[in-house]
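> Sending over a structure as structure tokens; questions will come in a sec.
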């Protein structure tokens, strides 16, 4: 049965089939040696498609033999992972430079839109079959068999359709980048305010306060201010979890969804073992029904009328948990050490409420930005699936 070379989603005005061509009718293998025309300052990292600054090559012959990588060229990057099990093509969009001669480089013969090509050659749904048949495993990374890849068939739309597809996807990427910049700025603002609205070092008063509050904050021991709910935790192997609507938490966050819950109400999750970042220790505030395994401690205020849970969570964000951690490779926050954690709080419940409400609004904005980014990425992924053949 003849393959239908028409994408599921198209711009108005395009109806003809995409044209199927042999790979070597669109690209040719190029072996353009550097011959010292470009310096090490113009070295390009193929994996990230960025200029690499920390390269140290003392052998002039090595630099002489490096490959010239021009704008529009594609290189086969043979490192495999879950997303790209047979490696991937990377297109040069940043400028002419040099790359290691271990990479196979191709230059376009056909009239290709650069905007379109960056999404086309890197689209695993389009290229996975070609790469599976044309690549072979190596010790460090896969390599391409030129004879095989040249015989492969790939499909292309007209140049005008290429331009429209490329521009649409690039516009979405630009929107994602703008939202990510806003999100990062908001996160930085939150971190700055956490530093200034909570006491630093041995100080008992923050640098910034709401009007009407002046008393010193007090140091507290965690065991004296919370109920520890570790006894309710239940670990469940992934293969044994029944799918459901409730978040399943481990040391560093959500690990999936499950049918059932171990905790409900306002709780703070603190990584017990396997924390992935000591500088930003894994802490999570939850007010929904959740399931927690045995890799996260669970605490809640023992008197919410005197200590608000969300304020407690913010206060614990200021703790240097590395002072309480055991182990050097897999970190462990034991129950006994958890109980000894010291932190500073205001005893004024109104000040706690104001601080909590303020940061809660920031968190809401952060979640909105993150949700918008996720939706844009979902739209992009759907278009990558439906606008290509």
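Heads up, residue numbers simply count up from 1 along the chain you see.
Each Cβ is built from the backbone N, Cα and C atoms, and glycine gets one as well.
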> Of the ranges 169-196, 197-224, 225-252, 253-280, which one does TrEMBL flag as coiled coil?
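Result: 169-196 is the stretch TrEMBL calls coiled coil.
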> Looking only at the domain 'Type I restriction modification DNA specificity' (74-188), what are its DSSP counts of helix, strand and coil residues?
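Output for the domain 'Type I restriction modification DNA specificity' (74-188) reads 54 helix, 26 strand, 35 coil.
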> Can you give the mean pLDDT for the domain 'Type I restriction modification DNA specificity' (74-188), rounded to a whole number?
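Here the mean pLDDT over the domain 'Type I restriction modification DNA specificity' (74-188) amounts to 95.
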